[in-house]
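**Q** My questions will all concern the structure given below.
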Amino acid sequence: LAAVDCSEHPKPACTLEDRPLCGSDNKIYSNKCDFCNAVLESNGTLTLSHFGKC
């Protein structure tokens, strides 16, 4: 199972780094920061499906 450490988030601003992750909502997040912010907003219901595009 793929996992991402979101302990340093949320962050007010994310970089434009392009390292896509696919969320359990079948949405592509451009990088870990964007994904982690979304995870925290979802109260933990969003999880990582896999690294790379969906």
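Glycine is treated like the rest: Cβ placed from N, Cα and C.
Feature table excerpt (Swiss-Prot):
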DOMAIN    4-54  domain 'Kazal-like'
DISULFID  CYS6-CYS36  disulfide bond
DISULFID  CYS14-CYS33  disulfide bond
DISULFID  CYS22-CYS54  disulfide bond
CARBOHYD  ASN43  N-linked glycosylation site
**Q** List the Cα distance (Å, whole number) between CYS14 (disulfide bond) and CYS36 (disulfide bond).
**A** 10
**Q** As a test of reading the model: what is the averaged pLDDT for the domain 'Kazal-like' (4-54)?
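**A** Mean pLDDT, the domain 'Kazal-like' (4-54): 95.
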**Q** Across all the protein chains here, work out how many other Cβ atoms are within 10 Å of the Cβ of CYS33 (disulfide bond).
**A** 20
**Q** Could you give me three numbers for the domain 'Kazal-like' (4-54), the DSSP helix, strand and coil residue counts?
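**A** Helix, strand and coil residues of the domain 'Kazal-like' (4-54) number 10 helix, 9 strand, 32 coil.
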**Q** Between CYS14, CYS36, which of the disulfide-bonded residues has the fewest other CB atoms within 10 angstroms in the structure shown?
**A** CYS14
**Q** Provide, as an integer number of angstrom, the distance between the C-alpha atoms of the residue listed as 'N-linked glycosylation site' and CYS36 (disulfide bond).
**A** 11
**Q** I'd like the Cβ neighbour count for the residue listed as 'N-linked glycosylation site', meaning other Cβ atoms within 10 Å of its Cβ, all protein chains included.
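**A** Here the count is 7.
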